[in-house]
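Below is one structure; the comments refer to it alone.
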Amino acid sequence: MHALSGFSLVSLLSLGYLSWDWAKPGLVADGPAEAGDQPSVAPPQPPHIIFILTDDQGYHDVGYHGSDIETPTLDRLAAEGVKLENYYIQPICTPSRSQLLTGRYQIHTGLQHSIIRPRQPNCLPLDQVTLPQKLQEAGYSTHMVGKWHLGFYRKECLPTRRGFDTFLGSLTGNVDYYTYDNCDGPGVCGFDLHEGESVAWGLSGQYSTMLYAQRASHILASHNPQNPLFLYVAFQAVHTPLQSPREYLYRYRTMGNVARRKYAAMVTCMDEAVRNITWALKRYGFYNNSVIIFSSDNGGQTFSGGSNWPLRGRKGTYWEGGVRGLGFVHSPLLKKKRRTSRALVHITDWYPTLVGLAGGTTSAADGLDGYDVWPAISEGRASPRTEILHNIDPLYNHARHGSLEGGFGIWNTAVQAAIRVGEWKLLTGDPGYGDWIPPQTLASFPGSWWNLERMASIRQAVWLFNISADPYEREDLAGQRPDVVRTLLARLADYNRTAIPVRYPAANPRAHPDFNGGAWGPWASEEEEEEEEEEEEGRARSFSRGRRKKKCKICKLRSFFRKLNTRLMSHRI
């Protein structure tokens, strides 16, 4: 009977049925006693690495930043680890994920503009070695659960071809939390939940946050803790659509704003998912030799319930509210714990940092923009990073008041760009909505709360802030310090000389899920990609007349979707 009970416990937890019902409070913190700043014993083997990425979680949307949302697990893990309070990410989904997995700025991946959309023949550059591939070389088993959003038009772009041994999740940017349907425009809808390289139709109906936590627990239950593990959990939460199990909504029933109420429920559900994963790390013998990294992917979307207060701006902008990240590291291996770090850290830094922890090596030949920041995080040393290129987007160059003359002949200030050098931050072009938006606690009815966010009256194309002294970006010093402006513009120009061309192809009608059994998935071969590139470069006339006739319908559809993509979908993130 006891043997049967033990079997049932493990089986149910592996399947996720038991993992959502905690018998004891505070299990997340149950572990070996921590000795404050005392050095930890060096691990006997490379550490297990658990990287947890959330989607659209705002700077203010965690308890330890004073939020009205309950996140007891995140609060406790952060308090016992190292809070990263000078940590930067990118303002939208694909760029952050690409920089995490390549260690390179967007200008060095060709993904400078917007996101990768479901019908675009685009993906993470296939000639760049990814973080999981590096970890595989170091002897790690690598697993991904959750949102990919780095392209899938060819099978070579899929997570299982880019370094992950297993994958369960969605390939596109946002799906329904229960049905896993995603629409990329009117009538262009398909199912998007995949296991490995197959469509996971049978898992539909399970709330994604719970499903992903259950799969993470199952991976831990079935893996030998003597072998190093990299587990990348990229939650869909708390990206729209705003959907939550009813029991979490009930906790926030007194919150007046409907969007904020749903958003808060989703955050708390995600917090409990992290608790379950942490418990599984302890239950199956991983915790004592593990490093848990928690990160948001971009700022919160304020008109969808998120909050970046007191920072300026929101998701999709280069103000601090768009690029300042939630982040912490929790690990028994930290030499100095229970503290806040203000060392400058960027999402590209995780690549060399984690490869170093794994016992691997990186070199200048890898072309990385990240730094190994483990000594800064674990020991409290100074960060090797002194600057961050937030981005240069040459396709977004429509700022009416920008010009080359306005940039001292050094830089065209109509181009959207942002850079941080030391304590200075410079923005050019149109950085996006720039208001300071308090948490949306007002009751929601048409025309009320979202009008709190207004587009600033932009009559300039250059902003300069001392971000150390003015983290809320309230005092523009561009007029007072033209010397600093000139220096940072020159630095932008230096970076731009190393940039590769932007890759942002038009939508391909062959990507329609109707051509793939109703699901989103790869549609192109290598030969077809070359053909597409030739057409985009204006060399389609070299094809035979017979071939053009054969593909007449496809050509017309492709032309139509190009227009649809550029006119209607270009701002859908």
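Each Cβ is built from the backbone N, Cα and C atoms, and glycine gets one as well.
These numbers come from a predicted model, not from an experiment.
Swiss-Prot annotations:
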- HIS149: active site (ACT_SITE)
- 525-537: compositional bias 'Acidic residues' (COMPBIAS)
- ASN276: N-linked glycosylation site (CARBOHYD)
- ASN288: N-linked glycosylation site (CARBOHYD)
- ASN466: N-linked glycosylation site (CARBOHYD)
- ASN496: N-linked glycosylation site (CARBOHYD)
- 1-23: signal peptide (SIGNAL)
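Here the features listed in Swiss-Prot are placed on the structure.
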| residue | record | DSSP (3 states) |
| --- | --- | --- |
| HIS149 | active site | coil |
| ASN276 | N-linked glycosylation site | helix |
| ASN288 | N-linked glycosylation site | helix |
| ASN466 | N-linked glycosylation site | strand |
| ASN496 | N-linked glycosylation site | helix |
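Here the candidates are the recorded positions HIS149, ASN276, ASN288, and by Cα distance the one nearest ASN466 (N-linked glycosylation site) turns out to be HIS149.
Fewest other C-beta atoms within 10 Å: among the glycosylation sites ASN276, ASN496, that description fits ASN496. Counting other Cβ atoms within 10 Å of each Cβ, the glycosylation sites ASN288, ASN466 show the lowest value at ASN466. Listed in sequence order, the residues of the same chain lying 6 or more apart from the residue listed as 'active site' and placing their CB within less than 8 Å of its CB are CYS93, THR94, ARG97, ILE115, ILE116, SER170, LEU171, THR172, GLY173.
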